[in-house]
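Colleague: Here you go, one structure.
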Amino acid sequence: MEYSEPIPTPTISSSPSLSPNSSISSNSPRSPPLSPPPVVISPCAACKILRRRCADKCVLAPYFPPTEPAKFAIAHRVFGASNIIKFLQELPECQRSDAVSSMVYEAGARIRDPVYGCAGAVFQLQKQVNELQAQLAKAQAQVVNMQFQQANVLALLCMDMDKDKAPSSPPPNSPQSAVDDTFITNSSYLSFMEDINNDTNLGSLWEPLWT
């Protein structure tokens, strides 16, 4: 007689029913939310030349963009970075842009002319202004002179036109006046002779009355 061992049956533990909306495991770690990609901000031209980290509130960043490195290089060569920063911090923000433009212009003039700098440029401009004013005054004097000459020419033309319209009378000593006097004398003589002849004829008619 053979002996057979009983076969163990697997035991199934009762587990709560899983709904479609329930999570598979309550202890599973949650995935972190996706962060936006980091924005790479290029340092300003000042920090790039100075080889330092450009902070978020960098005083030089709004006035020296990374696309204009020569602008800061010129100002830094003459004034220095520390003096530029100190000068900008002492000014209100509404005046900083004009101050930076003035510093860059003055630094460029100092590099071009180390002796006179910006004063030399101002002197040259003032000299040009004086020369242009002298040329303007000369041109205005020429215009006034031409207007005066034009007025004289118009006056002469008007006088000539008035003489042409008026009846012309020759002067007393002119040949035309002598001719006219001779004509008047001859006419008077002829009329006088006619009067004499008429008187003679009348005398001949009245002769029988006196005889």
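Cβ atoms are placed via backbone N, Cα and C, with glycine included.
No curator has checked TrEMBL annotations; they are predicted automatically.
Residues or ranges marked as region 'Disordered' in TrEMBL: 1-36. Marked as compositional bias 'Low complexity' by TrEMBL: 10-29. The feature domain 'LOB' is assigned by TrEMBL to 42-143. Taken from TrEMBL, the feature coiled coil applies to 122-149.
Any idea what these are sitting next to in the structure?
Modeller: When pLDDT is averaged over the domain 'LOB' (42-143), the result is 91.
Counting residues 6+ beyond its ends, the coiled coil (122-149) has Cβ neighbours under 8 Å at 116 in the same chain.
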